[in-house]
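Input: a single structure, listed below in structure tokens.
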Amino acid sequence: MKRLHPALPSCLLLVLFGIWRTAPQTHASSAGLPPLSATSFLEDLMDRYGKNDSLTLTQLKSLLDHLHVGVGRDNVSQPKEGPRNLSTCFSSGDLFAAHNLSERSQIGASEFQEFCPTILQQLDSQACTSENQKSEENEQTEEGKPSAIEVWGYGFLCVTVISLCSLMGASVVPFMKKTFYKRLLLYFIALAIGTLYSNALFQLIPEAFGFNPQDNYVSKSAVVFGGFYLFFFTEKILKMLLKQKNEHHHGHNHFTSETLPSKKDQEEGVTEKLQNGDLDHMIPQHCNSELDGKAPGTDEKVIVNSMSVQDLQASQSACYWLKGVRYSDIGTLAWMITLSDGLHNFIDGLAIGASFTVSVFQGISTSVAILCEEFPHELGDFVILLNAGMSIQQALFFNFLSACCCYLGLAFGILAGSHFSANWIFALAGGMFLYIALADMFPEMNEVCQEDEKNDSFLVPFVIQNLGLLTGFSIMLVLTMYSGQIQIG
């Protein structure tokens, strides 16, 4: 038997080893996959983000953004002189400068390989991951931030519309004793509560904490309003049921000690009654007769219970508040109302100005809430000024003058929001809105319904209250959810 050449077994082993080595590559080729190599990953990155085997600064930024590298700062910032701390998050422009490249340079495959250790170091240090979300929010804020012309223009427009509400008081004086006036006033008070409360929940307070609608806080804020509305609805239903059940156990005396105003009510209750629908008790009866086109009877008595805080002196014999009077004859309450309204309107303007520096829709939402709150307040304030001794012209002038303080607050709000953080202003306005809605206007809404409840008319005011609350809530909810999708101008 002829012996095999000694080198033949070695050759066979080499052939078998070669077939075994090429089998994975043949399988990969048959599967349509490129052969793996050190450059495969680089080629994949270049094909995904680059063009013609090169990367521009914009294309590199896209890659770095996907890796959360270089997004902690402005990506076109210039490198600073001096030693660098490697734990700092560098921008893509800084990385270009570190490799002696300009912002208009293009890097090839060999240059990109030099970037890999830098990118890996940035990923390993995690210097940019904590700043990524804040940077994206800042970029979105800068892109959607209104210009100075838009801020001042929209701000002055909204404040002007709100201030004009102070001039509407004279137009409703002849209708103060009408039933529809009380119904309309009740609706606007409920609307003001819904808008103020919802604006604080959906926009002002979340903005003070730095939230945005993408943080899914809107649904939780809606649940907060739902809890408030649930207890309001339940309380009203229980009161109606208990009233009907206990009605036959009590007499029908409408002049009990609970309904008669106390001395404190006579001195301080004028402010509390500015929208209670009982405005006929705040105006002398003979003046109401003249407003209705009737001459006062000789046996009519002048009701001055709510006017006891002023020194009427000898003015009870005529409608002195329809004529011009000296400022010294005007009651102190009128000046207190004017000053407090001026401060109130200043804070309103502050909130409007700060809101417009963030976004147009933020400013519009705040303006809508303030408008719904100012309309019923201005009507009531006008009546208070009349009862304090002012003429119609004087009441209109000082009511409008206090409303113009909103312009001053607007200017301060815009300047503060443009140069400083507006979060503190939003926090202040949010607390103020909650107080006005729940502690001020909510009791007024209940007082308006007292006369209807005495007359066993529960359903109509209850429906009006619900319509006002839900309308205000819906307006603020829609403005919050779709503020980023609707474009103005």
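We count from 1, first residue shown onward.
Cβ coordinates are placed from backbone N, Cα and C, and glycine is handled just like the others.
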Selected residue, Swiss-Prot feature N-linked glycosylation site, from candidates N100, N455: N100
Membrane side match, R183 / E378, Swiss-Prot record: no
Considering the transmembrane segment (422-442), which listed stretch of 222-242, 350-370, 395-415, 458-478 counts the most C-beta pairs under 8 Å: 350-370
For the transmembrane segment (185-205), sequence-distant contacts whose Cβ falls under 8 Å of one of its Cβ atoms, 6 or more beyond its ends: 218, 221, 224-225, 228, 275, 277, 351, 355, 362, 365-366, 368-369, 372-373, 375-377, 379, 426-427, 429-431, 433-434, 436-438, 441-442, 444-445, 448-449, 461, 464-473, 475-477, 479-480
Three-state composition of the motif 'XEXPHE-motif' (373-378), taking helix and strand from DSSP: 6 helix, 0 strand, 0 coil
Residue numbers, six or more beyond the limits of the motif 'XEXPHE-motif' (373-378), whose CB comes under 8 Å of its CB atoms: 162, 165-166, 168-169, 185, 188-189, 192, 195-196, 274-275, 341, 345, 348, 399, 403, 436-437, 441
Packing count at N52 (N-linked glycosylation site) (other Cβ atoms within 10 Å of its Cβ): 8
